[in-house]
Amino acid sequence: MADDKDVLRDVWFGRIPTSFTLYQDEITEREADPYYLLLPRVSYLTLVTDKVKKHFQKVMKQEDMGEMWLEYEGTSLKWHYPIGLLFDLHASNTALPWNITVHFQNFPEKDLLHCTSNYVIEAHFMSCIKEADVLKHKGQVINEMQKKDHKQLWMGLQNDKFDQFWAINRKLMEYSVEEGGFRYIPFRIYQTTSDRPFIQKLFRPVTAEGQTHTLGDLLKEMFPAAVTSDDGEKKYQVVIHGIEPMLETPLQWLSEHLSYPDNFLHISVIPMPTD
Amino acid sequence: MPSSLLWAVDVYGRVYTLSTAGQCWELCKDAHLEFKRLTSVQQCCWGIAGDHQVYLYVHSSDVPIRYQEETYENQRWNPVDRFCEKLLPSDRWQWSDVTGLKHQPLDSFRLPSEHWEWEADWYVDENIDGEPTEKGGWTYAIDFPATYTKDKKWNSCVRRRRWIRYRRYKSRDTWAKIPSQDDGPLPDPFSDISAGGWEITDEPRGRLSLWAVSLQGKMWYREGIHHHNPEGSMWTEVTTPGEVVQISCGPSDLVWAVLWEGQLLVREGISRENPKGSSWVVVDSPSTEVGAIHVAVGINVVWAVTKDRKVWFRRGINSHNPCGTGWIGMVGEMVMVNVGLNDQVWGISCEDRAVYIRQGVTSSELSGKTWRAIAVARDDDRSRSGSANSLASAGCFFSGEVRVQSQSSVMNDAESSSETERSQAAQSTSLTHADAMKRRIPKVTSDSFISELVSDKERKPDRDGRDGQTPSIQEDGAPQEQASADQETSVELLPQSSGQQGARDPKWSNVDLEEAQPPLPAAASDTTETSSLSSVATYNLGMEEQYGVDEHPLWAWVSGGGCAMDSHTHLNWFSASTGVSSSVQSMSLSITPAQTAAWRKQIFEQLSERSKREMENFKHYEQAIEQSVWVKKGNMQWWRDWKPNKWIDVRFALEQFSGTDGNRDGILFIYYTFNDEKKYLHAFINEITVLVPVLNDTKHTFAIYTPERTKQRWPIWLTAATEQEMHDWLALLNLSCCDSRGIHGAPCKQAIWSTTCKGDIYVCEPAPNLEAVPYPLPCDQMFWRQIGGHLRLVESNSLGIVWGIGYDHTAWVYTGGYGGGFSQGLGSSTDNIHTQTDVKSVYIYENQRWNPVTGYSSRGLPTDRYMWSDVSGLQECTKASTKPPSPQWTWVSDWCIDYNTSGGTDREGWQYAADFPATYHGYKTMKDFVRRRRWARKCKITTTGPWLEVPPIALWDLTILPCSSQSSVEEVSLWGISNKGDVLCRIGVTQQSPAGTSWLHVGTDQPFKSISIGGGYQVWAIARDGSTFYRGSVSAQNPAGDCWYHIPSPPRQKLKQVSVGRTSVYVVDENSNLWYRQGLTPSYPQGSSWEHISNNVRRVSVGPLDQVWIIADKVQGSHSLSCGTVCHRVGVQPMEPKGQSWDYGIGGGWEHITIRGNSQEAPRIVMPVPAENTLEKKGRVAEEGGEGGGRTASISSVLCIKEEELNGNAVSC
């Protein structure tokens, strides 16, 4: 019998094989080979692509190198979204490896945030965790932690240390039995077809009557089209960490087990592939 | 904590119980009687019914209540007739009791009441002091009375034999009427009753004090109630200074009563010797204007209610001062209050007649904080509301009444009267009318208040519209009112029946539904019922207001004396008033197992599919994040290896890294300074074999063993600054060790389980070469990891069925989880971890020496031991300074004298001896100059682990059928011995439900203490007197077998423990010898003789392959000697079941091991190379620092030893 703990490991150790190709218009001194990496799904692009940068540095002039940014089939990839989310949202149902194009010029200021150092990622990551905990525990858990615990969460993510991260993160996943779950579930629903970046509202894990809310309940309220369509045909896939959980899955369980390290449940709603 | 029951009576006299695990009041199974008063204890409930007779309700149990009758047949030898029944005129009776003074032939024995039955006919006991006698059971002596032996000698002139017969109490789970008394003064009808006093003494088992008050205000005490005689033997009158109306008896020595005039009586002089007490002290009513009408006592509390319904709490009650010092007025108005276990308090409110529980009652705050109403439905309400149809036809409150009425004609009057008079009328029905008249002024009991209260209620117009017809009875109700009430009965009949008509009207709704709805989804598992209910509730919504008051039951009496709960117990009794707890319930239950399986299974499957899809073909890709070394550091103290041993400050670091094979590994470093030189000691994580917490009240120590350290019997002892730090380190180290060995998740079914003397549980995944011949895996290389929980022993088999027994004898079954205890978070499974508690006693000794001036006194000789000490006398242990074993334990009782010390005690608990230290005896002789007595104090641990309690029977020992892991045994034999010595066979134990369903009692003539079942259903057991028995004809079809065969013990040895494997039978005797049974054949399974194998053996476990593992004492290591060491018999083969020698493993401080789950045959071709290689490699547990001078062996058992002793060893050696 598999234990729920195994889910945490599977989620943490999810990897996306990626090939990085330099954008064709970038000026190079010599031909640049593609670079292949296994990207951790739960991490952030700018945190794990130092090697890519170094690889392409070798073939480029120093003065031509602006801030590196990445793009997939014309979409600029937001580094502040977790890698798994970006993949699920933009590249599900495509052949592996994931082909990402690397740019060093013409930074798309309107699409992307600058990421000058890892401190920026850390600040973003910690603010997400804090926001999630405000939703889950009115921020009490994260505020009671010491600075070193915060650091441990970050270091765990940065160094891909599951145990180090979860030793602290489990405290963020606690809730009193009496309440039956978190105060609100920290979630974000993303879609490619909308201008809105994502949907995020207050949603409780249990109803006022004490019934468990499921993934289906959440979608019905936030994105009804994802659950049903007029002709009864399934038009959307609801993807978390590259899988499609059943709509009956309790939301509280999902939040505890399928949240990203930033403690948010990042849910991608993507159109059904047309074969 | 197993569920227990709160008992209550509603105003109609119906008895309900509410389980601490339940969510509704359940009508008592035996509902044909109506009750006025109840007093419950854990094993039974006493009550006074409407007929003023006393009834007893004994809960059913898998263990029968049996009483052994015995009588002796005596014979004398004469040259003519040889032994015959002709005795000398001076001799005893031919049939007598053991003393010979009482004539008791077989046919003089009668069943004491109709509630008993004979189990079988008389038979001869063929056992003397644990030795089987010759056939016929005769024992011989020179003359009466004398010492009897089993052998007939030339000078044996008399002989006797013992006949025994069992009678069994049969009236369980039913109200059994206590027979009226044949002799002595006959009590008049009873009006109040209270049971308690079970904590006064343990002997005889299950002893209760039962106090009763009669209608005339006299007080009675029931003599002779104990486990084997639940009904007691007779009533004796207790004189009182006045007429008593009510009495309350606590679990211990508190007994208070209320006098008719409103004062209170306190019983003094209650003791172990005299549970009835000796005298009364009068205490004034709390209020100067109004008298008390009700009192309730617990262990340390007294609550009272005065006539104005005010509730009072008595200050200053303790064991020295049963009277207390003063009254404190409490909030709330109650009809009555009752004090249950743990001094928890219950009450029935004047206002709404609901049962209230006092919240926040703790030992430090005995008066509690607030009253909280218990708001749960009754099961009979619910059954009526099962569907809309049944609701329409019978859904009203009174339909139940009609049914009761038809069953008990006696109660007709009461039934037909309005409920106002019901209780009062019920009182009068059993009396004649004249009696009722004679009672000119109704007794001031709460019954009259009940009536009054209900009548108050009735006057409210929203009651049911009949208020105008109901006369109100005042507290001092005059006779004419009584009469008018009686007259009223006929008048009342009409409206009552019209009410019943109304009930059949479909519009009539039981509004309980609206309230009952929230808890229903939880309690009722099928959803159709729920949905139909909700529709019904909406349908009837408009009726709600009109019948609002009838909706909740009106209670008259509550008794919590058997309700085991404390302020931390989680109860689901308040669901109607709060949505939160019910939501939790419904959440956990609304997910049916099928659904759970579906979505969870899909996530598991999809995740592994995803990993395959996204990673399998790309393994050659580079990882984005390079693995680095992760170091965790801390400051600790280390018990240094060289002399003089002492704690020194060290830096402690754990470096973890990923090995080439992907497995994580690590190294431990201990940095210390020696002679101003910085040095360090290290150990590889993959060499650590076990981590043992050695927490005590002063040091947060843990021990780290490696194979090398195990050989030395000298682990690395480290102390963390705080308990939390120690647990954090242990959790981390445990995780690292498991990671480095690739051990994840729950232990396998073949796992070897063990426990330490601290109650910690360890499990080892057996290597395939563990039993290899001739080169088995060395025992000291076995890796043990801790599993949460606290147990005294664990037994398992290879189907993964694991049971354990706690120090408090509670039985636990393994849930399939892992972790718990200190290893929170990752080292622990999410499911299957539950709270576990255990209780044990801490003992200290009071020592005294005799001197000619003052007799025995606490002034000893200068050379004497401490006057308060531990058992050895070397440590001073006073009542005040003795702390619980570790911070995890808390005291749950006060110090009290232990009368059960081995060797016996006198009436004050003293044991005497000529001098310290010596063997002690329980009586004083001329030569005794010193005495001691043992004091015990209970402490409790609360932890978590993968264990679920198997209530209710407490166990002493247990055994599970060993079998091969592939075997398709459907029902697994599991035998247990209760802590009272009953032999029990568990029914319904399967792999799917390892807890089984119930116990089957297997009769024995004496209490037992050890049992074991072999692979071929051979059951061997050892009685408490040390005799051994073999159970005949046990098989899968006949799980309980048919009879016991008495097997002679090894000469002059009392046996202690037995273990049976596939064919081998091993026993351990009280002198720690290990014996092997020889001559066992399929046709003669009892064998022929005992062969001595080894000494210094504490316990033995024989496995399904006849592997032999023991816990041994006095194992010498290179640095130290250990007690409680796991040892493995090497060289055991089918043709050589006794093996050749011992291999020594982990210890000391180990208490129990079971090898019975490991049925892995060793591989046939043995590769001795790997084992030796690892040994060589692992021999590198290097101490690179400077090693001090030679270490001398000192007796140290890592767990038993206290800090001081450790230091002491260091100093003395």
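In case you wondered, yes, glycine gets a Cβ from its N, Cα and C as well.
Because TrEMBL annotations are produced automatically, they should be read as predictions rather than curated entries.
Annotated features, as they stand in TrEMBL:
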- B:408-432: compositional bias 'Polar residues' (COMPBIAS)
- B:454-467: compositional bias 'Basic and acidic residues' (COMPBIAS)
- B:481-501: compositional bias 'Polar residues' (COMPBIAS)
- B:64-125: domain 'Peroxin/Ferlin' (DOMAIN)
- B:137-170: domain 'Peroxin/Ferlin' (DOMAIN)
- B:630-740: domain 'PH' (DOMAIN)
- B:837-898: domain 'Peroxin/Ferlin' (DOMAIN)
- B:909-942: domain 'Peroxin/Ferlin' (DOMAIN)
- B:408-507: region 'Disordered' (REGION)
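Ranking B:64-125, B:137-170, B:909-942 by CB pairs under 8 A with the domain 'Peroxin/Ferlin' (B:837-898) puts B:909-942 at the top. Residue counts for the domain 'Peroxin/Ferlin' (B:137-170) under DSSP, helix first, then strand, then coil, are 0 helix, 16 strand, 18 coil.
Mapped onto DSSP helix, strand and coil, the domain 'Peroxin/Ferlin' (B:909-942) counts 0 helix, 18 strand, 16 coil. Long-range contacts of the domain 'Peroxin/Ferlin' (B:909-942) within its own chain (CB-CB distance under 8 A, at least 6 residues past either end) are made by residues 759, 790, 835-850, 856, 864-865, 872-873, 879, 882, 884-885, 888-899, 901, 903.
The average pLDDT for the domain 'Peroxin/Ferlin' (B:64-125) in the predicted structure is 87.
The DSSP breakdown of the domain 'PH' (B:630-740) into helical (H, G, I), extended (E, B) and coil residues amounts to 27 helix, 56 strand, 28 coil. Across the domain 'Peroxin/Ferlin' (B:837-898), DSSP helix (H, G, I), strand (E, B) and coil residues number 0 helix, 27 strand, 35 coil.
Under DSSP, residues within the domain 'Peroxin/Ferlin' (B:64-125) fall into helix, strand and coil as 3 helix, 25 strand, 34 coil.
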